[in-house]
């Protein structure tokens, strides 16, 4: 039977939602593929039958740790949350800039250096990581109405010099054409090499730095900033050729080489690393196209983009595995040491798909594999973290890095929820909403029973009957009542993760790396820059959603 597109206007029955009222089921489209019977056939018993009112509902959530998230009539108690969000945003931005040199609070930090944390003992995080620094700078450029240009230029200057510095992996560029030394993840705050044993190389750093610097280049062009003669680059072309190009060369040369993951624990091939490498290459090709620059380097980049894309989506490489309906973060340890679930997969999706221009890249925010990864992280971590025990199934919870984590922020014992993981869940859902609203896209809900609709059936809707093994989809057309109420539900789910975080943040707004899974109190490295950055990311995309509604 050929593919059919069926519109059901004023379909028999009503769609009852958990907001104290019901609206007629109008402008809902069901795409059907090769069904033997129409879904309105009583004998089929599909999701929308003519046996009476449909019982598909939006899930309701009432209490979380004693805090009203929204009541049974859907009334959102947002005043306390809104007040806290505003205050926490202010604290987060202040703390981020305190952790960037030159800092009045930490004067030993060199200009342009972004420290991971001011903590120097138990644990010692008083270093600069290429990854953390790049993610922080990326957020500053993305979210600030007028980012501190001197901070950005100082960061570029640090990047320029680190690339040309020797480290334990090898000689810096300029001494050799080999880029292997760019895989060193960690440096001292005075820009000297960190020479102790560590998990090297980490191949995501150059990619993340490229992404951040390409965004700086765009800002400099748009703002007409005069670079002057203070630094070793006088134009955006210099910045690209002298910094970004070397990081891209590293990706071309080493993308298919093993390295340590972003948690610095496992040496192998990782979803996070590969997806951000793909993004860096893709954004660089956009740079060449926009600047109308030609280079033989471009064809190498195109081939690398093709190669990484193919590698990521090839089932043989294990990131997409028929056994699971979520993304496997590091396939080499799935099934043996871990489940493969990892918050880093959502971090990667959010980092890469922060704008519609990246929608052609795989694993976009609305990809069922991405959304189901969030669902499964919630499913696992709801039970392993006692502070989540009182949370309803359809509300946000405290999330950690991966279910098998044993790092407690000081040593090895029992893993805890992380601030950045919990904020990433919110960011993912806000991104999902923003994408559909800003681009006026319909909501597409998978209706097959191969578990690809787990996010929708377990977190958003109840009684969402599947349509068999064929690929059927429920389409909620943009700006219809069905669409709007579902978007509201997803927004409330996104907010509920921040409500959960709020319950464990002190009055001073300090964000450490983790919060204890039993007591809920902050622990691990204090004033973690990545924690503040992750909150800022969630806050900012939330504001963009509110402005677009």
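The backbone N, Cα and C atoms fix where each Cβ goes, and this holds for glycine too.
Per Swiss-Prot, these features apply:
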- 198: substrate binding site (BINDING)
- 261: active site, proton acceptor (ACT_SITE)
- 264: active site, proton donor (ACT_SITE)
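Known features from Swiss-Prot, placed on the structure.
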residue : record                       : CB count, 10 Å
198     : substrate binding site       : 15
261     : active site, proton acceptor : 24
264     : active site, proton donor    : 16
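On the backbone, the CA of the residue listed as 'active site, proton donor' and the CA of residue 198 (substrate binding site) stand 8 Å apart. Geometry remark: residue 261 (active site, proton acceptor) versus residue 198 (substrate binding site), CA distance 12 Å.
DSSP gives residue 198 (substrate binding site) a coil state; it is part of no helix or strand.
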